[in-house]
């Protein structure tokens, strides 16, 4: 790697998914990087190691279907931009039906190793407990949902904005050999085959109507973690609701959510349709650990063990990790950040990852990727044109930095975190109306064709952007 002669390195604060990706992109552009990570000097309430890019919640990067799914499209775009996160994910994938899931320890180790071995990256362990020094002229702040209190307070004082917060919950992990396979079975929903998968990638635990009703009642009645006074009004992110909160919304809610009994047949009793099904997904490459899909929870640990062992097949479950809560903090990005993710009040500071209001592993890494490219371009005195809004990266960036609706029905509307989805993309100029066979598209076929057209447009536009903007900026 050829180093570009610049007096000051770029500082990246936070070694999660976004910070790791940002540091990688900057270094790959030939610019020195100092990556600051406070762990293990100071740990968070959710992390368990000092690894960079540690996955705290699920081990799933969600769908890898670039033609039909927005997050799969985001995967494809990041791969085209030589994403370290996607490279490590692909190298450490585990079977997960149509999803891309990873061995979390192998993934974090791969990212950590790549960054530690890069000649232009210096990793500094220690907390940055306030605004970066004035002589740090180019900074990416990617400290994530668990930003330390001193740094969060300094950012709040600088911006004059109250931080917005919500809670994410973490799902339990079970040792595979403690699951009773006379009751559970392997099958992906609708036998779908995904990257590294076979169509039989999930463990399924069936419930009768009586078992389901008793389970829901136990979730609602179980003892939960108490909130501190300052936490009581903090909402949950809808994409990561605790299982018991979903249960409180109605007795049938879980049957239309993570416990839906569709696309699966119990080989132990094939003529009887389960009333509800609990799925577990492989969590490590060895296949020794499985996480409970959609079972993030704020139940107390004793209650988790008691209630989850009433699930058929999990009566003797040995839990490698029980569920828990962690708090997320993010900026009012449309108001505070420009299109380059720079803080309007102090442009030397750029933000990336979940702090900006994107939600999800891949989304955080994607925004880290863009922040890294922008910071590298700034370092050589050349602004990088943002990716087109027709791409997944551009659509997500647009939501964060300006696509948010400030008012609705003459009232204020708060900025909330967002996963990538096709609703963020500009509509097609000419939506598909007929299939390859010439027949008029209707219903689900029309929806599928629209998604495929959006994806095809995105990848074509991304390729042009890489050629016209990224390579030009890199050559400056």
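Cβ coordinates come from backbone N, Cα and C, glycine included.
In the three-state DSSP scheme, residue 17 (FAD binding site) falls into the helix class. What Swiss-Prot records for 14, 15, 16, 17, 18, 19 is FAD binding site, and it gives sequence analysis as the kind of evidence.
The region 'Disordered' annotation in Swiss-Prot covers 428-447. Beyond its flanks by at least six residues, the region 'Disordered' (428-447) meets 453-454, 457 of its own chain at Cβ-Cβ distances under 8 Å.
For the compositional bias 'Basic and acidic residues' (436-447), the DSSP counts in helix, strand and coil order read 5 helix, 1 strand, 6 coil. According to Swiss-Prot, the compositional bias 'Basic and acidic residues' annotation covers 436-447.
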Cβ-Cβ distance under 8 Å to residue 18 (FAD binding site), same chain, at least six residues away: 142, 144, 352, 353, 354, 364, 365, 367, 368, 371
Chain-mates of 14, 15, 16, 17, 18, 19 with C-beta within 8 Å of site centroid, FAD: 12, 20, 21, 22, 52, 53, 142, 143, 144, 352, 353, 364, 368
Listed in sequence order, the residues of the same chain lying six or more positions from residue 14 (FAD binding site) whose CB sits under 8 Å from its CB are 36, 37, 141, 142, 143, 144, 147, 353
Would you count the other C-beta atoms found within 10 angstroms of the C-beta of residue 19 (FAD binding site) for me? 31
Neighbour tally for residue 17 (FAD binding site), based on other Cβ positions within 10 Å of its Cβ: 33
Chain-internal residues, separated by at least six, CB under 8 A from residue 16 (FAD binding site): 52, 53, 54, 142, 143, 144, 353, 364
Near residue 15 (FAD binding site), which residues of its chain come within a Cβ-Cβ distance under 8 Å, counting only those 6 or more away in sequence? 23, 35, 36, 37, 39, 52, 53, 115, 123
